[in-house]
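The annotation domain 'MGS-like' is assigned in Swiss-Prot to 1355-1500. If you look up Swiss-Prot, you'll see Lys55, Lys219, Lys412, Lys527, Lys892, Lys908 (among others) marked as N6-glutaryllysine. Positions annotated as N6-succinyllysine by Swiss-Prot: Lys119, Lys757, Lys831, Lys875 (among others). The N6-acetyllysine annotation in Swiss-Prot covers Lys612 (among others). If you look up Swiss-Prot, you'll see Ser835 (among others) marked as phosphoserine, on the strength of a large-scale study or a structure entry. Among the features that Swiss-Prot reports, region 'Anthranilate phosphoribosyltransferase homolog' is placed at 39-218. According to Swiss-Prot, the feature transit peptide maps to 1-38, an assignment based on similarity to another entry.
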Amino acid sequence: MTRILTAFKVVRTLKTGFGFTNVTAHQKWKFSRPGIRLLSVKAQTAHIVLEDGTKMKGYSFGHPSSVAGEVVFNTGLGGYPEAITDPAYKGQILTMANPIIGNGGAPDTTALDELGLSKYLESNGIKVSGLLVLDYSKDYNHWLATKSLGQWLQEEKVPAIYGVDTRMLTKIIRDKGTMLGKIEFEGQPVDFVDPNKQNLIAEVSTKDVKVYGKGNPTKVVAVDCGIKNNVIRLLVKRGAEVHLVPWNHDFTKMEYDGILIAGGPGNPALAEPLIQNVRKILESDRKEPLFGISTGNLITGLAAGAKTYKMSMANRGQNQPVLNITNKQAFITAQNHGYALDNTLPAGWKPLFVNVNDQTNEGIMHESKPFFAVQFHPEVTPGPIDTEYLFDSFFSLIKKGKATTITSVLPKPALVASRVEVSKVLILGSGGLSIGQAGEFDYSGSQAVKAMKEENVKTVLMNPNIASVQTNEVGLKQADTVYFLPITPQFVTEVIKAEQPDGLILGMGGQTALNCGVELFKRGVLKEYGVKVLGTSVESIMATEDRQLFSDKLNEINEKIAPSFAVESIEDALKAADTIGYPVMIRSAYALGGLGSGICPNRETLMDLSTKAFAMTNQILVEKSVTGWKEIEYEVVRDADDNCVTVCNMENVDAMGVHTGDSVVVAPAQTLSNAEFQMLRRTSINVVRHLGIVGECNIQFALHPTSMEYCIIEVNARLSRSSALASKATGYPLAFIAAKIALGIPLPEIKNVVSGKTSACFEPSLDYMVTKIPRWDLDRFHGTSSRIGSSMKSVGEVMAIGRTFEESFQKALRMCHPSIEGFTPRLPMNKEWPSNLDLRKELSEPSSTRIYAIAKAIDDNMSLDEIEKLTYIDKWFLYKMRDILNMEKTLKGLNSESMTEETLKRAKEIGFSDKQISKCLGLTEAQTRELRLKKNIHPWVKQIDTLAAEYPSVTNYLYVTYNGQEHDVNFDDHGMMVLGCGPYHIGSSVEFDWCAVSSIRTLRQLGKKTVVVNCNPETVSTDFDECDKLYFEELSLERILDIYHQEACGGCIISVGGQIPNNLAVPLYKNGVKIMGTSPLQIDRAEDRSIFSAVLDELKVAQAPWKAVNTLNEALEFAKSVDYPCLLRPSYVLSGSAMNVVFSEDEMKKFLEEATRVSQEHPVVLTKFVEGAREVEMDAVGKDGRVISHAISEHVEDAGVHSGDATLMLPTQTISQGAIEKVKDATRKIAKAFAISGPFNVQFLVKGNDVLVIECNLRASRSFPFVSKTLGVDFIDVATKVMIGENVDEKHLPTLDHPIIPADYVAIKAPMFSWPRLRDADPILRCEMASTGEVACFGEGIHTAFLKAMLSTGFKIPQKGILIGIQQSFRPRFLGVAEQLHNEGFKLFATEATSDWLNANNVPATPVAWPSQEGQNPSLSSIRKLIRDGSIDLVINLPNNNTKFVHDNYVIRRTAVDSGIPLLTNFQVTKLFAEAVQKSRKVDSKSLFHYRQYSAGKAA
């Protein structure tokens, strides 16, 4: 009921609106508008024919009439109603580079504004001769729409076709120049027509003099050369009485205060009467200001005596960068012209603006008179409004008098910043990966290092994330010095003292680096040591992170924010909510990924969430909830000279209320009008300028779905997850550019590395769209709800590229998990919908599976109106989703004989995979592939080039699509294919990206061409300059085969990307792919648990008793024969998925069902679980069955904790030499038996001198970066050379006979967990992996290394009290630990029985009550109260499966996590912690290179 009431309040709020700063009342939100569907008949075909003979087929959605004209392209991302009504397109057939057109339908084309001008259009109707698009949205949705685009075109008798490869057309025009063309329908032949021979200006100009703004004080004559309506609006708005005159009107004798010439189409030289009239003005004594726009610039230049020329491909779009020559300011402009002025300006005139990219003239000015003109459109619509100020300058000229020039009235630019002189820069990384802060910072940090090295600046990198690429110590792209240390003020201060950097970069290390930098600033450390923060200042960072300062800053510029209060207590939070009214949203200051945030429908929820939030921060913001509004993001770049560009705008498919990290996101935005797009863009730039951001930042908006009302949600003054997504979506290297800007380099001087020719001062155009979908692993966390909200829960994400929404969307869904077919009503991983499913609740309460609930609702014939009401998802997206399911229904009615080429092609165009189609047709995937290829249906390879094909690309950043007609690249490299890791998830994270990058770099160093396939936008491996060809694509059998055969690759490396590519080994091998390294057949034998165990028996290699089971009875019988506990393991899984230690018959039933669901095609193996054993990892490289490189590390924890969650020690600390020799011997036998050539990992149990094999993975493991960096030998470099048959120098490798064992240091790898984000999850370690990241540190001994590693995970050394809760069986071993902690001065608290035992053994302890018994004994304090008031700042909780206080222990653990208190749940880790605290009172700041230098010195 509470949820229903909350939903009702949200809807009521959305309908009636509430008070925002500077927001006017708006119309009520109508949940949907009816889309107009075309008649269900076959679309009429037509062709676009070019004068060079090119002929392309398409389908009509406009008027079915043939037409001829000049074919041009526009690279703008929005505003098609404004674009097609621009008079400058008269006589032209317009090609839209934006692939999806018609999303918002058409506005009321009869509506007029207060001036009598068309309200939403730029003229009195459509001016293009024809329209060419790739994909047309037959179903539209926008609150201003009254009809479809197709209907409008038909009304005005304008032909339009879709299904055209518009990128191919653009490239033809780019390479051959603008050319004539025609849209032809069957039976309607037309001849080519050259509109440039016609006086198009005369055709679009008014025939009569018209007056607008009558009675206004300033008289402006506007010469209509095809003037846009918005020019007139802007003039009248500034107080002009506008006299609009025909192009050939003699205005030379008219009285006016200023004259404006604007338009227009065609060849300006044909407008001779106008040129003569302007010449008279220029040569007369009249000095009233003259302002020319677009054609007005050309006419003014011709009248002055200059010449014009026809451009080869014209400048038409919304992202053209121009530079003001007089003050070096750069602007992004909208343009639409095919002619330009040459360099023949006479004396007295000079250029005013120049195009940054092609150096063409963009404006002229008279040196002594008030005459000026610009080639671009400052009045825009569609496009950016950055240069609208020129209208103000024009009016300033009028007011100032006649004897002045334009330069005297232009806005004064910000002072030009000088280059920042630094010689050494400290870059702070983000530390280990956690939810909300993942691999995107490895990518951004790596880019920053590269940028610094290009500018000859030395770099010191501080980051304990040993699995990251950026922490490599050797390589051309690496930092000069790397510190594996905690990112805390204490350690950073020590590094500053030692390294003496003069610059500091905070924006590349996420919230960790930002918060640390702010604290260093507050402590005065940066000032004391003379360290400059590069890029955005700390003051600006604080203004975005402190919620009150942020609110105050926005109010200074009257920007729109939700009503809010920054508070520092729960009491004040409750008061704020009462003032604002529920529901409210709370947000934490200095927090990441929405941590500490949530929607509070009532007082109780607010108390609960604010209590948890204040455990992490000292300030929260209580604001009005805007749940249900659209969430829009902009990535903004600003340099120190105040040049600004918005690199990407993104739209969350999920509405406000779901954290953007957990939302499906598309780029560019798909449901915004030009007015909405530009309003938010302009606001973004205003805010970024006001806050003083220098570099890159992300700004998030809530936009009302049926009005222009918006509010700013937050600004991230750093690189973020969205930044990485925007970089990969556009090809614009944001982190690299931001790092250059931090050095004071202005944007116009930075090259666009993709084109190699153009400037980085531009806004990318996309002729494709991308979809990002999060990857969750919530099933792994017992007790965690699948519901998602304002606090992020996803552990990774994928990004798919397509040319239709459906294609991009379905690809992205499949990328998330191999079990996902696409957009279907079926749940992933073979799960079933519950029999009591409440579908409406599933839709109204966002969850990790809601997208499938939407599919089910559509499949169940729920109306889209109802789905929209329940989800707040824009109906345009729902229309597209419905189209996918309609196609599935169509396919299910067909078979291989009845399937037509057209239907199969359409299915592929909207993202259906072969596997998906095969299930509909009742075929195998191989049969569907054969059917498709027989019909000659294959994908096309397209480039991402940042400029929608306007300029050639020098990089090979690629994707695959069925929406095309040609490839963008050739395929003569025959490179080596390397498969990446796919989305980050539990068990597969940045360590596998490190492996892939290491392999790629080795291949390139050996002179091999590389072809990389991956779909993860957070990775370094998807940085296009890491390889020769990057395919941002699915890691599926179908797509890998497509690419492999198209490229004719020399082979495929599958062993460096984790389990996803490893699982493809056998299917790829069976389809003729040459798998490099270990045979796929051997991989299959090792992955199948039963076969592998049988091989070990043959080899006489010891393992625990085992049995492959297929039924519950077999499992129960085995358990009975060996006694519980048993270990249950499925095959072909990563990170212990569905792996469990089973202690009882009930658990066996439960866990066996889960394991068989996860691994349906392979048996489940049961082994006897050996208690009290230590686990040992063997990471190795084999060559033809011989081990040539190895490292042995030891787990701190006893067996039972997944290796990914274990704390690793290298070298081993407690393992006997005899046991190590047995480990080596078993490894030797396994390598030989499986003929291993490449990387592999074997896990062992060691108890005393007994050694048992657990499992073997014939691929790289997650510990490869750790052992490689610790030993100074890149295991993947060695493995790659082995796999491709290169010679390997074994003399310096750690072979089994000659190991490399560090003598002067110990390395500790510690796991990173994200328990605070996983509400209600039990933070205890099991066989199934739960950690999200890892860190590693080094010390002279185990204790200093361990403390550094623990501190790097965010662990805080306790200062006050420690709560001890241990199960009775731990007591004998724990007494010494308790004594050590007491002797170190900690006050000990313990549950009653444990307290009695400690006191009886002379260890003072204060008894406390179990949570379930609180209040029963007044003399016992409440554990939860002691934790929350800070009396306890460490919790040690050591339960086992036999404890009767299961729930109480869970409550204690959860309370600690929710209160931000460190928690230890493993005895061995607790013991090591107590020893470390006792023995390492002061932790040094030495890192790996210090110990290496010491070892080298000793050796010398």
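Placed from the backbone N, Cα and C atoms, the Cβ positions cover glycine too.
Here the features listed in Swiss-Prot are placed on the structure.
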| residue | record | DSSP (3 states) |
| --- | --- | --- |
| Lys55 | N6-glutaryllysine | strand |
| Lys119 | N6-succinyllysine | coil |
| Lys219 | N6-glutaryllysine | strand |
| Lys412 | N6-glutaryllysine | coil |
| Lys527 | N6-glutaryllysine | helix |
| Lys612 | N6-acetyllysine | helix |
| Lys757 | N6-succinyllysine | coil |
| Ser835 | phosphoserine | coil |
| Lys892 | N6-glutaryllysine | helix |
| Lys908 | N6-glutaryllysine | helix |
Rounded to a whole number of Å, the separation of the Cα atoms of Lys527 (N6-glutaryllysine) and Lys612 (N6-acetyllysine) comes to 35
Inter-residue C-alpha distance, Lys55 (N6-glutaryllysine) and Ser835 (phosphoserine) (nearest angstrom):
55
Rounded Cα distance in angstrom between Lys875 (N6-succinyllysine) and Lys219 (N6-glutaryllysine) is 47
Among the modified residues listed here (Lys219, Lys612, Lys908), which has the Cα closest to the Cα of Lys892 (N6-glutaryllysine)?
Lys908
Other CB atoms within 10 A, centred on Lys757 (N6-succinyllysine)
14
Modified residues compared (Lys55, Lys219, Lys527, Lys831, Lys892) - highest count of Cβ atoms within 10 Å
Lys219
Pull the DSSP breakdown for the domain 'MGS-like' (1355-1500) and write it out as helix, strand, coil residue counts.
72 helix, 26 strand, 48 coil
For Lys875 (N6-succinyllysine), the three-state class that DSSP assigns:
helix
When the modified residues Lys119, Lys412, Lys612, Lys875, Lys908 are compared by other Cβ atoms within 10 Å, fewest goes to Lys412
Spacing of the two Cα atoms, Lys119 (N6-succinyllysine) and Lys757 (N6-succinyllysine), in whole angstrom, works out to 40
Give me the Cα-Cα distance between Lys219 (N6-glutaryllysine) and Lys757 (N6-succinyllysine), rounded to a whole Å.
44
Listed in sequence order, residues with CB under 8 A of Ser835 (phosphoserine) and six or more positions away
none
For the region 'Anthranilate phosphoribosyltransferase homolog' (39-218), provide the mean pLDDT of the predicted model.
95
